[in-house]
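Participant: If you look up Swiss-Prot, you'll see Gly171, Pro172, Pro173, Gly174, Thr175, Gly176, Lys177, Thr178 marked as ATP binding site, on the strength of sequence analysis.
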Amino acid sequence: MDISDHHMTDVGIIRPDVHIEVHVKSQSTAKRSDVRTHVLSLLDRHSTVLRSFKWMDFDNEFLTKNVESVTIADVTGPKLVDLKVHNLCIHIFTLNDDSPSTLNLEEEEELSAANLWLLPAVEFHGVWESLIYEEGIKTQLLDYVSTTIFFSDKNVDSNLIAWNRVVLLHGPPGTGKTSLCKGLAQKLSIRLSDRYAHSQFVEINSHSLFSKWFSESGKLVTKMFQKIQELIDDKDALVFVLIDEVESLTAARSAAQAGTEPSDAIRVVNSVLTQLDQIKRHPNVVILTTSNVTEKIDLAFVDRADIKQYIGPPSAKAIFNIYLSSLEELMKRQIIYPRQQLVSLEELETMNFMESDVTRLSLCLMNISQRSVGLSGRALRKIPFLAHALYGKTSTMTLKGFLTAMEHAVNKQRQEQASLVNCV
């Protein structure tokens, strides 16, 4: 059976989807239909592949000239994927390398209310893949937003089945909530590129709404959302709106009610909630919000969110995978040399964590990961850099030497963390 015949095998049997992301070079002038044909031919020759496999070198002149990479994306489950039993969803995209523009509210004051990116953006490329959480978190978020758009397309009556197109990610600082929002928007702009001609990402600077223009903040909120509404009015555009640290908006209302903040704060928050209610009615908008302090969020806001996902500090397993991806990158760049194979946690488990020449370095990494529990995702990503900067005796290091340096860096990070806690 030709792999390009990829819808149904028998009547009534629906195959599971597998997503193929095709990153086309920015200078390419090739038609999408031609790119698709050549990619299907490539997949037909490699019908069984590793999940998350990425082709970057091709034996096909057309693909070499026009395509940066072809990736089997976001597959969970078995390591090997049989493409012949899947429905192939091919997503062809080019990255936008424009810098973000700003949404200014007051020309004379140059008050920047938000930053605006065209997606998929070079700046967000690889963010989704770099974020490692407990299994299921990223998939659930992706499925949720995809379903909201699917229900909207099918004109499902929202009075009978309610959904708000609002996502709230909450948890301690440094766990990657803002990056996850950016990665999610980037991923969906690629997934839905056949449905929407283009996607935009608006990041609202909530702190600017509580600036020296405080007395006018209610009006400024309205003005900002009017500008966002103009983006949403283009029905060929998918618009993501990010409100970071939403507690700074919603906490203001309870503080004002308690008499500790001016009543203008209530007007600002009420204005934000009213404007969100207006824009979320549109099928082509998704509202993403983050909070570092869950208990300070206004209940009226929490009730508006369909998904309230806690993003906590990484577990030892997630930390192992974070470090593993960092070490792979350093071996690729020959900062760690020679390249040595590290065994995954799953493979260590099947070997009952027995020490041998094959597992020794991986077990060392596992111990470092366990020692790192409690550090934020932001801190964890800095450990390899600190290891080299502070404890690297030479510019190029062996894997064993680098793991020793990482151990020192983790110990230093934990000592600094303890010192800060004691100072408070």
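The backbone N, Cα and C atoms fix where each Cβ goes, and this holds for glycine too.
Describe the structural context of these features.
Facilitator: When other Cβ atoms within 10 Å of the Cβ of Pro172 (ATP binding site) are tallied across all protein chains shown, the result is 15.
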Participant: Have a look around Gly171 (ATP binding site) and count the other CB atoms within 10 A of its CB, chains all included.
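Facilitator: So the Cβ neighbour count for Gly171 (ATP binding site) comes to 19.
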Participant: So if I draw a 10 Å sphere around the Cβ of Lys177 (ATP binding site), how many other Cβ atoms end up inside it?
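Facilitator: The Cβ of Lys177 (ATP binding site) has 25 Cβ neighbours within 10 Å.
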Participant: Which Cβ among the binding-site residues (Pro173, Gly174, Gly176) has the fewest C-beta neighbours inside 10 Å?
Facilitator: Pro173
Participant: Enumerate the residues of the same chain, Gly171, Pro172, Pro173, Gly174, Thr175, Gly176, Lys177, Thr178 excluded, that satisfy the criterion Cβ within 8 A of the mean position of the Cβ atoms of the recorded ATP site; list them in sequence order.
Facilitator: Thr290, Asn292, Ile311, Ser376, Gly377, Arg378
Participant: Specify the count of other C-beta atoms within 10 Å of the C-beta of Thr175 (ATP binding site).
Facilitator: 23
